[in-house]
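Some notes on the structure that comes next.
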Amino acid sequence: MRSRSFLVLVAVFLICETLVAQRLDRIRGPKGQGQDPVEGQDQDEGPGPVKVEILDIGQDPVKGQDPVKGQDPVKGQDPVKGQDLVKSQDPVKAELPDIGQDVVKGHEPVEGQDPVNAQLPDKVQDPVKAQPAVPGRFLLSKRGHCPRILFRCPLSNPSNKCWRDYDCPGVKKCCEGFCGKDCLYPK
(Lines of atoms letter the chains of each structure in order from A and count residues from 1; the text may use other names and numbers.)
(Lines give C-alpha, C1' and ligand atoms only; values in the text may rest on other atoms or scores of the structure.)
Protein backbone atom coordinates (compact mmCIF):
# COMPACT_ATOMS: atom_id res chain seq x y z
CA MET A 1 0.00 0.00 0.00
CA ARG A 2 1.33 3.43 -0.81
CA SER A 3 2.05 5.90 1.95
CA ARG A 4 -0.32 8.39 0.31
CA SER A 5 -3.29 6.01 0.50
CA PHE A 6 -2.33 5.10 4.07
CA LEU A 7 -2.42 8.78 5.05
CA VAL A 8 -5.84 9.14 3.41
CA LEU A 9 -7.14 6.22 5.45
CA VAL A 10 -5.74 7.70 8.66
CA ALA A 11 -7.32 11.08 7.86
CA VAL A 12 -10.72 9.48 7.18
CA PHE A 13 -10.46 7.50 10.41
CA LEU A 14 -9.67 10.63 12.45
CA ILE A 15 -12.54 12.58 10.86
CA CYS A 16 -14.98 9.76 11.63
CA GLU A 17 -13.69 9.54 15.19
CA THR A 18 -14.22 13.27 15.79
CA LEU A 19 -17.74 13.11 14.32
CA VAL A 20 -18.63 10.24 16.63
CA ALA A 21 -17.15 12.08 19.61
CA GLN A 22 -19.17 15.20 18.79
CA ARG A 23 -22.33 13.13 18.48
CA LEU A 24 -21.68 11.51 21.86
CA ASP A 25 -21.12 14.93 23.43
CA ARG A 26 -24.50 16.07 22.10
CA ILE A 27 -26.22 13.02 23.56
CA ARG A 28 -24.47 13.16 26.94
CA GLY A 29 -24.83 16.87 27.39
CA PRO A 30 -22.20 19.11 28.98
CA LYS A 31 -19.59 17.44 31.14
CA GLY A 32 -19.71 18.27 34.83
CA GLN A 33 -22.64 19.20 36.98
CA GLY A 34 -24.28 22.56 36.39
CA GLN A 35 -21.30 24.20 34.73
CA ASP A 36 -21.84 26.79 32.07
CA PRO A 37 -20.19 26.24 28.71
CA VAL A 38 -16.88 27.95 28.03
CA GLU A 39 -17.19 31.38 26.47
CA GLY A 40 -16.59 31.42 22.74
CA GLN A 41 -17.65 27.82 22.35
CA ASP A 42 -20.55 27.10 20.00
CA GLN A 43 -23.56 25.33 21.37
CA ASP A 44 -24.67 22.33 19.35
CA GLU A 45 -28.27 22.55 18.29
CA GLY A 46 -29.30 18.96 18.44
CA PRO A 47 -31.40 16.71 20.56
CA GLY A 48 -31.01 17.39 24.24
CA PRO A 49 -29.74 14.88 26.75
CA VAL A 50 -31.42 11.50 26.58
CA LYS A 51 -33.72 10.78 29.51
CA VAL A 52 -32.81 7.48 31.12
CA GLU A 53 -35.00 5.90 33.76
CA ILE A 54 -33.73 3.17 36.04
CA LEU A 55 -36.47 0.61 36.48
CA ASP A 56 -37.01 -1.61 39.48
CA ILE A 57 -36.61 -5.33 38.96
CA GLY A 58 -39.88 -6.82 37.81
CA GLN A 59 -41.15 -3.62 36.24
CA ASP A 60 -41.80 -3.96 32.52
CA PRO A 61 -41.56 -0.74 30.50
CA VAL A 62 -44.15 -0.12 27.80
CA LYS A 63 -42.87 1.87 24.83
CA GLY A 64 -44.42 5.29 24.50
CA GLN A 65 -46.30 5.15 27.80
CA ASP A 66 -45.35 6.33 31.25
CA PRO A 67 -46.68 4.26 34.13
CA VAL A 68 -49.59 5.92 35.92
CA LYS A 69 -49.26 6.22 39.69
CA GLY A 70 -51.50 3.79 41.54
CA GLN A 71 -52.07 1.49 38.57
CA ASP A 72 -50.33 -1.65 37.36
CA PRO A 73 -48.91 -1.61 33.83
CA VAL A 74 -51.48 -4.27 32.85
CA LYS A 75 -54.80 -4.18 34.66
CA GLY A 76 -55.94 -7.31 36.46
CA GLN A 77 -52.82 -9.35 35.81
CA ASP A 78 -50.29 -10.43 38.41
CA PRO A 79 -46.60 -10.56 37.51
CA VAL A 80 -46.57 -14.35 37.93
CA LYS A 81 -49.72 -16.26 37.02
CA GLY A 82 -51.17 -18.31 39.85
CA GLN A 83 -48.39 -17.50 42.32
CA ASP A 84 -47.94 -14.75 44.83
CA LEU A 85 -44.31 -13.94 45.46
CA VAL A 86 -43.08 -13.57 49.00
CA LYS A 87 -41.23 -10.29 49.56
CA SER A 88 -37.96 -12.00 50.49
CA GLN A 89 -38.24 -14.63 47.74
CA ASP A 90 -36.25 -14.26 44.55
CA PRO A 91 -38.36 -15.25 41.48
CA VAL A 92 -35.41 -17.02 39.84
CA LYS A 93 -34.48 -19.06 42.90
CA ALA A 94 -38.13 -19.93 43.54
CA GLU A 95 -38.11 -22.31 40.56
CA LEU A 96 -35.07 -24.31 41.72
CA PRO A 97 -35.70 -27.56 43.61
CA ASP A 98 -34.64 -28.05 47.21
CA ILE A 99 -31.14 -29.33 47.94
CA GLY A 100 -32.29 -32.82 48.95
CA GLN A 101 -34.75 -33.16 46.07
CA ASP A 102 -33.75 -35.09 42.94
CA VAL A 103 -34.06 -33.14 39.70
CA VAL A 104 -34.95 -36.16 37.54
CA LYS A 105 -38.15 -37.84 38.70
CA GLY A 106 -38.01 -41.61 39.12
CA HIS A 107 -34.20 -41.77 39.29
CA GLU A 108 -32.20 -41.70 42.47
CA PRO A 109 -28.60 -40.49 42.49
CA VAL A 110 -25.86 -43.07 42.99
CA GLU A 111 -24.23 -42.76 46.39
CA GLY A 112 -20.71 -41.33 46.37
CA GLN A 113 -20.96 -40.17 42.78
CA ASP A 114 -21.34 -36.61 41.51
CA PRO A 115 -24.31 -36.43 39.09
CA VAL A 116 -22.38 -34.22 36.65
CA ASN A 117 -19.22 -36.35 36.59
CA ALA A 118 -21.28 -39.54 36.38
CA GLN A 119 -22.38 -38.60 32.87
CA LEU A 120 -18.85 -38.18 31.51
CA PRO A 121 -16.95 -41.23 30.21
CA ASP A 122 -13.94 -42.45 32.18
CA LYS A 123 -11.45 -41.68 29.43
CA VAL A 124 -12.17 -38.76 27.14
CA GLN A 125 -10.61 -39.56 23.78
CA ASP A 126 -9.77 -37.20 21.01
CA PRO A 127 -11.36 -38.65 17.83
CA VAL A 128 -8.29 -37.74 15.79
CA LYS A 129 -5.81 -39.30 18.23
CA ALA A 130 -7.98 -42.42 18.59
CA GLN A 131 -7.50 -43.34 14.92
CA PRO A 132 -4.37 -45.33 14.09
CA ALA A 133 -1.90 -43.63 11.79
CA VAL A 134 -1.54 -45.02 8.29
CA PRO A 135 2.00 -46.44 8.24
CA GLY A 136 4.28 -44.62 5.82
CA ARG A 137 1.53 -43.04 3.76
CA PHE A 138 2.32 -39.41 4.57
CA LEU A 139 6.06 -39.91 4.27
CA LEU A 140 5.75 -41.88 1.04
CA SER A 141 7.73 -40.39 -1.80
CA LYS A 142 7.62 -41.98 -5.22
CA ARG A 143 10.76 -42.89 -7.15
CA GLY A 144 12.36 -40.56 -9.63
CA HIS A 145 12.65 -36.81 -9.75
CA CYS A 146 10.48 -34.10 -11.22
CA PRO A 147 11.10 -32.96 -14.80
CA ARG A 148 12.53 -29.51 -15.43
CA ILE A 149 9.96 -26.90 -16.43
CA LEU A 150 11.30 -24.27 -18.83
CA PHE A 151 8.32 -21.91 -18.88
CA ARG A 152 6.12 -20.69 -16.04
CA CYS A 153 2.62 -19.30 -16.23
CA PRO A 154 2.19 -15.57 -15.52
CA LEU A 155 -0.32 -16.08 -12.68
CA SER A 156 0.89 -14.91 -9.30
CA ASN A 157 -1.05 -17.59 -7.41
CA PRO A 158 -1.70 -20.60 -9.67
CA SER A 159 -3.98 -23.42 -8.56
CA ASN A 160 -2.41 -26.69 -7.44
CA LYS A 161 -3.84 -30.03 -8.58
CA CYS A 162 -1.88 -31.98 -5.95
CA TRP A 163 0.00 -31.38 -2.71
CA ARG A 164 2.14 -34.52 -2.23
CA ASP A 165 3.16 -37.55 -4.27
CA TYR A 166 0.44 -39.78 -2.83
CA ASP A 167 -2.20 -37.42 -4.28
CA CYS A 168 -1.19 -38.56 -7.77
CA PRO A 169 -2.34 -41.87 -9.34
CA GLY A 170 0.08 -44.61 -10.35
CA VAL A 171 3.73 -43.68 -10.77
CA LYS A 172 3.09 -39.96 -11.32
CA LYS A 173 4.70 -37.52 -8.89
CA CYS A 174 3.43 -34.21 -7.60
CA CYS A 175 5.80 -31.74 -9.23
CA GLU A 176 5.95 -28.04 -9.99
CA GLY A 177 4.39 -27.84 -13.44
CA PHE A 178 3.78 -25.09 -15.99
CA CYS A 179 1.07 -23.48 -13.86
CA GLY A 180 1.09 -24.71 -10.25
CA LYS A 181 1.71 -28.19 -8.86
CA ASP A 182 0.52 -31.01 -11.11
CA CYS A 183 0.82 -34.81 -11.40
CA LEU A 184 3.67 -35.49 -13.86
CA TYR A 185 5.62 -38.58 -14.93
CA PRO A 186 9.05 -38.54 -13.22
CA LYS A 187 12.41 -38.81 -15.05
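For all residues, glycine too, the Cβ spot is worked out from N, Cα and C.
Its own atom aside, the Cβ of GLN22 (pyrrolidone carboxylic acid) has 12 Cβ atoms within 10 angstroms in the protein chains shown. Taken from Swiss-Prot, the feature pyrrolidone carboxylic acid covers GLN22.
Taken from Swiss-Prot, the feature repeat '4' covers 58-63.
Annotation comment: Swiss-Prot describes 88-93 as repeat '9'.
Here Swiss-Prot flags 100-105 as repeat '10'.
Sequence annotations record features per position, and here Swiss-Prot assigns repeat '11' to 106-111.
The signal peptide annotation in Swiss-Prot covers 1-21 and is backed by experimental evidence. Counting only same-chain residues 6+ beyond the ends of the signal peptide (1-21), none has a CB under 8 A from a CB of the stretch.
DSSP assigns GLN22 (pyrrolidone carboxylic acid) to a helical segment in the three-state reduction.
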